[in-house]
């Protein structure tokens, strides 16, 4: 913070200048205590400012540096429960109580940590290289009256720099001068907010001359401005030049990261550098999101750890009992009597049990898989980069935009989404605006039928007669208007041609659009901040008021037919003031001067704000225009009202002084400008209204209907009016006539009466009471409907004003209960904050998995508040995409993202986790059973390296292939039967019941592998006649275990690829090759003498091969039978689909069959059943011919197919499918 009083240092010693105090223009003295002062062309005087930004203009986006990488990286890794567990195990293995070599635990943990740290280092190195590339870019700086190129990182506050065409701004700059006339330049902010529309920036007229290096070196201005902040669209400050103070605004600010367009070069002064620039202060990390399944995985690991503790307690207690009863001969006493009766006895046995407990903890440590997290991360990463990003079904050809998974942490979360929160404009609609209809002086103009009107007619069962377009009707981008009364000068014959002229001039003048290209109607291109603005200016052009040139102070319009038919004249209007649009004002105004000196204020904005500022005597026009607006809104059109006012020159001059004062203020500038605007934006004359159509995106209704069948509830959160939102909801199949609608609106009589009285406290009280009453009434009705059999689906519509009070803590629970009972919810006129609040309400209150999707900057908070955020790369820039977890180009791609990739990812990750749990439990239990034979002594059953490499080498690859290629049904079937998605919502594949089944399988297989081998090995002999020893038996058990566990992958897979065969066969072969090498090497150290030559001895016997065939088959037999019984009697939904689509349909019969009136009802039913959708799908498992499947799917499609006797018996034995939960 730099204050004027703090700079009183002797300039002769420190070369610091005292800030100027003289203020002349506007008589404004900055009073803000926290503004900064920047001295241009004087580095020494900016010393105190530079102290606040130690790194200068260098930026760093890296996560680590040389000193923090190791500690911070390890901290990140040990946030995971499993890594902490294995660290503890590794420490215990270094103690004398460890039965295994420490290296066997330390090495796998080190490998996992090393891989993770290398991945982190690689990603951070990429960020570092990107930072260095940016920091070493060059820019021309003024030094000794010369432009000298220096790296960006050496730039300092106060430097004067030159930026050439297409160059990027290296810091936040004060725009001083431009090669263009009138000191303007064009800026593209795509790197900032993704918008490719060019923005105009204007330098102060006082600084236009500082363009050459000689002249710029004379500039020694003093900038007093706000402290660094993250507000991209505001800036307050003053420039003091030669004792004259000039107010600064965002028009003079050029932000870092933006680029210069259509301008040869400009000169600017550096204000903020490095991490103090606005773009860097906005570069906050997105909130860290963990999938719900990953959180449940932590619970599973804790459960497994509890099981480990129980196993170790059993072993410890068993050891104490066995030692006490059978092993007194170990010399633990001097005399048996003294030993058993003395204190030593009572202390020694618990001590033995205590140490045995930790010995067994180390021995059974493999029960928790060390490679689980690494494998899951690898699977998710490949799923994202290779499957989601490359899916052609989510590739948008028109914009050349593929889907993009911006994070791989949430893939499986896509398969469990129950609530979708969606923006409307640009998400359900195309955000390609077309001028469609209008109202001028109480007369409606425009022909044609909107898509929404077609949807309404279809809903009501009405037939629409398309109107023929008039001959010579114009159709171009942004303009789809047809009415000969206004086109080609026809407006001159209307009842009020002067009002028509004001309407067209308002469209041509009141905007911030920039024209580009040739100044001809055919070739000109309009760069607009929003597609609405471009559509309105395009409409003015087609009505004969062609806007073709803009300077900072002038707008040029080529007007046709104004004086007489056919006459064209160029008119330049002087722009005196622009009162810009913002979310509070909801309007934009321009004060302009005609060539004849006439002063006019043109204003356009929302109907609510325009109507309340109209002059008296406008009631009739206001009423008729209001009816037109309601009709336009019901047709799904976006509306604006237009008004104007003639200004008195004296009154304007007085107002303009106050406007300059407000514009020069350093504190609360926006508030003061709004207050000044209120003084002039009153007593307006209503011109009329515009209606713009924003067409629905392709496939939106079908997508919403499909997702609804999948059990997903869709909420629309929009800023549009209630009528528009409801009709869009009808057109999108979100709401239909069969639904019971609850509408909570602030347009009630009681609320209107309170607003007319104007008492703010009373207004708030009335609205809160009305909202409370409506919520309770609606909730009671909803509960009554839900208690009835076959009651209608419910829909809730609420506006933003009521929502603000409904989100109050006292009413929040009631709102949530009502909303959760509704199939569809539409929230109108909501702010970005309210969007995030509603999303958080469902996420935290209902504990449901949520997804938010939007395309604009106003959707960012909603996207970040949900479990999964999806951004649409649309017309409103890339801010939503940059804040999202996944990015798609069209709303309809949600079908593939959720029903295909989401389902598959959820299924795959569930199976991967369960398989890891199963294979490690199976392995550990064989060691556990062995402890009973060894008297719980802690004797290891397997060689150390067998135990260490089991997870990371012998069983690692097949599970990764499972996680990448597992498919229960194909992509087309997933979309054809969206009901399959409900299994993810119910979390069917990660329930504790499923865990129990896999645990039972592990217990059974471990017992088979252990007991079969150990029991048969009692009498087993090798080729030399010697009895098998411990290491022969353990190697035999390990071999059977590796084969059984790897073959289990094939049994659980729904689709088997060549990669399954390669990895399963390769893993088994890898074990045999390792055993051959490992057992054939003898070293001087006692490393593996226990297993030396063991595999060779085993393979020389018939027993080895017989056991190798028998034990895995018996071990897998129970799983084989269980899967068959489950598939036959308790099938999952996807298994039914598999059975339906086992074979190709015989299409030849269908061609021969004729459907006509002569078919009997039975023949018609048979034909309908034969036409049920089928698809070739190769699956493993049991393809039993169940007659019940046809009737099951026939009923889903509304075809009556009588159930057969076996079908009734089978369905009676099926697990009950969850019904719709009863709502309270």
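In case you wondered, yes, glycine gets a Cβ from its N, Cα and C as well.
Residues annotated as domain 'P-type ATPase N-terminal' in TrEMBL: 38-105.
Annotation source TrEMBL lists transmembrane segment at 300-323 (among others).
For the transmembrane segment (343-374), same-chain residues at least 6 beyond its ends with a Cβ under 8 Å from one of its own Cβ atoms are 80, 82-83, 85-86, 89, 92-93, 95, 97-100, 105, 108-109, 112, 115-116, 301, 304-305, 307-308, 311-313, 315-317, 319-320, 323-324, 332-333, 913, 916-917, 919-921, 923-924, 927-928, 931, 936-938, 940, 947, 950-952, 956. Residues or ranges marked as transmembrane segment by TrEMBL: 343-374 (among others).
Annotation comment: TrEMBL describes 744-788 as coiled coil. The average pLDDT the prediction assigns to the coiled coil (744-788) is 86.
Positions annotated as domain 'P-type ATPase C-terminal' by TrEMBL: 881-1131.
For the transmembrane segment (912-930), the residues of the chain that approach it from at least six positions outside its boundaries are 293, 297, 300, 304, 311, 315, 363-364, 366-369, 372, 375-376, 379, 939-942, 950-951, 955, 959, 962-963, 989-990, 994-995, 998-999, 1001-1003, 1005-1007, 1009-1011, 1034, 1037, 1041, 1044-1045, 1048-1049, 1052, judged by C-beta separation under 8 angstroms. Among the features that TrEMBL reports, transmembrane segment is placed at 912-930 (among others).
Among the features that TrEMBL reports, transmembrane segment is placed at 950-969 (among others). Nonlocal intrachain contacts for the transmembrane segment (950-969), taken as residues 6+ away from its ends with a CB within less than 8 angstroms of a stretch CB, comprise 108, 111, 366, 369-371, 375-376, 378-379, 382-383, 903-904, 907-909, 911-912, 915-916, 919-920, 923, 977, 980, 1038, 1042, 1045-1046, 1049, 1052-1055, 1057, 1059-1060, 1063-1064, 1066-1067, 1070-1071, 1074, 1134-1135, 1137-1138, 1141, 1177, 1179.
Taken from TrEMBL, the feature transmembrane segment applies to 990-1013 (among others).
For the transmembrane segment (1033-1051), same-chain residues at least 6 beyond its ends with a Cβ under 8 Å from one of its own Cβ atoms are 915, 918-919, 922-923, 926, 930, 941-943, 946, 950, 954-955, 958-959, 961-962, 1005, 1009-1010, 1012-1014, 1017, 1060, 1064, 1067-1068, 1071-1072, 1075, 1079, 1091, 1094-1095, 1098, 1104, 1107-1108, 1111-1112, 1115-1116, 1119-1120, 1123, 1180. Among the features that TrEMBL reports, transmembrane segment is placed at 1033-1051 (among others).
Residues 945, 949, 953-958, 960-961, 1035, 1038-1039, 1042-1043, 1046-1047, 1049-1050, 1089, 1091-1096 of the same chain sit 6 or more residues outside the transmembrane segment (1063-1083) yet have a Cβ under 8 Å from a Cβ within it. Look at TrEMBL and you will find 1063-1083 (among others) tagged as transmembrane segment.
Residues or ranges marked as transmembrane segment by TrEMBL: 1103-1122 (among others). Remote same-chain residues near the transmembrane segment (1103-1122) are listed as 997, 1001, 1004-1005, 1008-1009, 1012-1013, 1016, 1020, 1036, 1039-1040, 1043-1044, 1047-1048, 1051 (criterion: CB distance under 8 Å, separation of at least six residues from the stretch ends).
Residues of the domain 'P-type ATPase N-terminal' (38-105) grouped by DSSP class, helix first, strand second and coil last, total 34 helix, 2 strand, 32 coil. Panel annotation: around the transmembrane segment (300-323), residues 81-82, 85, 330, 332, 349-350, 352-354, 356-358, 360-361, 364-365, 367-368, 913, 917, 921, 928, 931-932, 935-938, 995 of the same chain, lying at least six beyond its termini, place a Cβ under 8 Å from a Cβ of the stretch.
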